[in-house]
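A short write-up of the structure that comes next.
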Amino acid sequence: MRKSLITKWLFVSCIMVIAMVVIGGITRLTGAGLSIVEWRPVTGILPPFSFESWQAEFAKYKAFPEYNSVNYGMTLSEFKCIYLLEFIHRLLGRMTVLIYIVPLIYFYFKDVIKNCDMLPYIIALLLFCVQGFMGWYMVKSGLLNSPSVSHFRLAFHLIIAVIIYHILFYQLIKNRCDILLIPSQTDLKLPLIFSGIAITVIYVQIFLGALVAGLDAGLIYNSFPLMGDHCIPMEIKDNFFNLANLHDPVFIQFIHRLGSYSVFLVVVVLVICLLTIEHPKLNKIAYFLMIALLMQISTGIITLLYSVPIIIASIHQLFAIILLSIIIWCYFLINSS
């Protein structure tokens, strides 16, 4: 009963975090992220209802750079569309925190979760608090002189969400999954190492993907596998090792492409390691990994070739989380055997 309660709670929390990541990505891709120019964690829980309140929100938006530089002449109806998308993103964030923290308090005082097991849940709670601040810190960067958010703040905002998901998902499978029964003579060192490496490179790739989104780097060099006619674009070829490149969309797209090759290579090696063990559950994970990897790569290529269609780009982001989840599951099973 205790495990069942925790499992259901963690499952819902994981789904909510995934929804937050996907809707956050859509908010970024549609340019809706700067439509709400205030941070009101408590009083901002309700949207405008009257015509006058909508006009007031629109007037606030007009006072900031994005309206004058990007959306000048936007109608109130058009403003409502981007406002409501950002509002849903923020509302979902509040709901996610409530869905996480209320049961956590209950479980703690009812001794459903033991004191010795509380650390990861407390870390996740602290990260939720940091995430709320980071979201506003990111938005604030686009309300100053430039009508675009800092791509670094955007990337950290995403990575914090992924770390929260990682913690919750690991606790979920820890409560839900049985330990693998593998003969003691079976060598699991190599798949354990490569699953750890795979998790690391996917984290890096997710971070780079956020930089690509923040710089609109997916809207240039819409060709594959070459960037135009070159493997290394001419803009960065003669000045590759320069910190200024971290603000260059061409360089960031190039590094993200390299990251995708790294993910492909590491995951394929991991799949081979899992298949050589000849264990039914690990073999099943290997097949899931290949499907998720192929989906992730194909949606990434389509996103690039067609200049970032929102639906495909969102699916691409979702499969990054799915791929990471499968590898976390794999790592847990091997590490616990």
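Using the three backbone atoms N, Cα and C, a Cβ is placed for every residue, glycine included.
The transmembrane segment feature in Swiss-Prot is assigned to 6-26, 87-107, 119-139, 154-174, 192-212, 258-278, 285-305, 308-328; the stated evidence is sequence analysis. As annotated by Swiss-Prot, heme binding site applies to H256, H316, with the evidence given as sequence analysis.
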Recorded stretch that, among 87-107, 119-139, 192-212, 285-305, 308-328, has the most CB pairs under 8 Å to the transmembrane segment (6-26): 87-107
Neighbour count (Cβ, 10 Å) for H316 (heme binding site): 24
Residue numbers, six or more beyond the limits of the transmembrane segment (192-212), whose CB comes under 8 Å of its CB atoms: 151-152, 154-155, 157-159, 162, 218, 246, 249, 252-253, 255-256, 259-260, 262-263, 266-267, 269-270, 273, 317, 320, 323-324, 327-328, 330-331, 334-335
Positions whose Cβ lies under 8 angstroms from the transmembrane segment (308-328), at least six residues beyond its ends: 18, 21-22, 25-26, 29-30, 162, 165-166, 169-170, 173, 195, 198-199, 202-203, 205-206, 209, 218-219, 263, 267, 270, 285, 288-289, 292-293, 295-296, 299-300, 302
Non-local residues, at least 6 beyond the ends, that sit with Cβ under 8 Å of the transmembrane segment (119-139): 33-34, 36, 39, 41, 90, 93, 96-97, 100-101, 104, 113, 149-150, 153-154, 156-157, 160-161, 163-164, 167-168, 170-171
Cβ neighbours of H256 (heme binding site) where a neighbour is any other Cβ within 10 Å: 22
